[in-house]
Structures are given as C-alpha cells and as structure tokens.
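Structure first, then comments.
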Amino acid sequence: MTPHPHDTSYDSTESFIEAAAEAPAATEGEFVWYLGYGSNMNPKVLTGRRKVVPVESVPVRVPGYKLTFDCPGFPFVEPSFASINVRPDAADPVPELHGVAFKITRAEYAMIVQTEGLHYGDVHVLCHPTGAAAQAHKPFYAIALIIKPPYRRAGLAPSVRYKGLLVDGTRHHALPDAYQAWIQSLPAWAPTTFRHKIARVVQFAWAAPIFVTLMGLRGVNRAIRGKDAPPPRFINWMFDGFSTLVWVTYQYGTRYVFGNGGEVEHAAMRTAKL
C-alpha cells in the first residue's frame, strides 16, 4: 500500500515507507478497522443509533490529514457534517487529524457506508495510536470515509447539536487535550433570529417529505436485496438532484429572505484540493 505523500510527521520519506510497509492492513478476516472522526466517535451515535458494537476502540492520530466540514447538509438545520482532507502543510492552522479506530465486522462497516450517505468514498489511512494505546498497538491502517470532491461545499459550519456530538466523542475516548480544545473552539451554527426559526420550518416543510421518501426507497432496496446491497443508480441520481435543489434554493432564494443559514469563515470550513 502506498504511503500518503502529505504525511509530514516522519524524518524522511524512507522512514514513512518503512512504517507504512510494516503496518497491518485495515481488514482482518471478518473484521475491519474503521476510522471515526466525526459524530461516530460518540457512542450514542455509533452504538446507540447505528447499533454498531466495536470489538476494540483505539484513539489515534492520522498524519497527513485534517478534519473538515465540507460535507453539505441542510441550510438552517444541519448546514454541514464532518469529512477529512489532506493536510500538506505542517503549518496549517487546522491541526493533524485525531479520531478513533474501531474494530468492527464487515457487515457493520457496510451498514455505516449505507447510512452515512452516497457522497462519501473511502480511503485507507495510516493510524498512529495515542495515549495508553500507543503502548499496545503499532501503527496500522484503517478505512476512513471522505466526501467525494464533486460534492464538497466549503464555508459551512456544523450545527451546535452536531458539534456537541464531536465534543462529547473526543472527551469519551480521551483524545489529546489540545485536540479536544480545538474542537470546542470551532464555530457552530444555531438559529439566532426569528427569521432563522421561520426558515427552519420552511425548510422542513418542503424538504423533509422528499428526504423521507428517498430514505424509504433505500430502505425498501435493503429489505429486498439485502442490507449490504448498494442502492440502484436511479436512487443515487435522485439524492444528487435533491441535494443540488436544496443548495440552489438556498443560494439564490432563501438566504436573501431569511439570512445566513450556516455560512462561516474558518480554516476548518475551507476546502483544500485532494
């Protein structure tokens, strides 16, 4: 497996290649090492909502990558969700990525991919255990989900609710204090005006029925073809069209009527080239 060219934590390319070559693969028989860096770090989401019960959980850092919020959600409700991107410059104000590597079954991983959304791809990243886990584990590979370039949208903040899931997740897994503090310092969006609250109602009124219908189609597909079966292409197209409609409507309409629905200027909300 080829090491990532943007990893800046090694003294030389040779030392990185050596570490990468010795690192175990992301899959071990029926199990997969999956990297959680967003809300899935929070056990209330991963186990409580998704019913995924990891065999093992290891706090890690991931050289060469950083946390971003360029996965668009719904303006005025959940403006953005977490993703990752390359971190080519060690002086980047966004710190090196930290997260939690979970050892889960292949079936559980397939379910996560299905429920995270259709706009994520996957990448194998080299994880370095942190804290007490560094004594028990050598670096190993894990699979991380990353928003595909055509679907990224920069300049959006997570909601207060979503940011809270990350804050609690980093605390639960005892990620480094400095990283926890950085997560806590991130801006988050919340309705602050009466117009914002009206916008949320309007957004739910027209978008929720469409979204629920599309999710229902995915549920029917999983019931008929199996829970690991990918959705048919036409469902992907419908989701793409729905996402485009949501943001075009905001960009050229509702933002002028109701105000800012989640836009913010912050280093973590910018999009770098992959």
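Quick reminder: no glycine exception, Cβ is built from N, Cα and C everywhere.
Residues annotated as active site, proton acceptor in TrEMBL: Glu116. Glu116 (active site, proton acceptor) falls within a helical segment according to DSSP.
What TrEMBL records for Tyr34, Leu35, Gly36, Tyr37, Gly38, Ser39, Tyr162 is substrate binding site. Counting every protein chain shown, 26 other Cβ atoms lie within 10 Å of the Cβ of Gly36 (substrate binding site).
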Separation of alpha carbons, Glu116 (active site, proton acceptor) and Tyr162 (substrate binding site) (Å): 14
C-beta crowding around Tyr37 (substrate binding site), within 10 angstroms: 27
Tertiary neighbours of Leu35 (substrate binding site) (same chain, Cβ under 8 Å, six or more apart): Val60, Val62, Gly99, Val100, Ala101, Phe102, Val125, Cys127, Ala142, Ile143, Ala144
For Ser39 (substrate binding site): intrachain residues, at least 6 apart, with Cβ closer than 8 Å: Val45, Phe81, Ala82, Tyr162, Leu165, Leu166, Gly169
Glu116 (active site, proton acceptor) CB neighbourhood, other CB atoms within 10 A: 17
DSSP three-state assignment (helix, strand or coil) for Ser39 (substrate binding site): helix
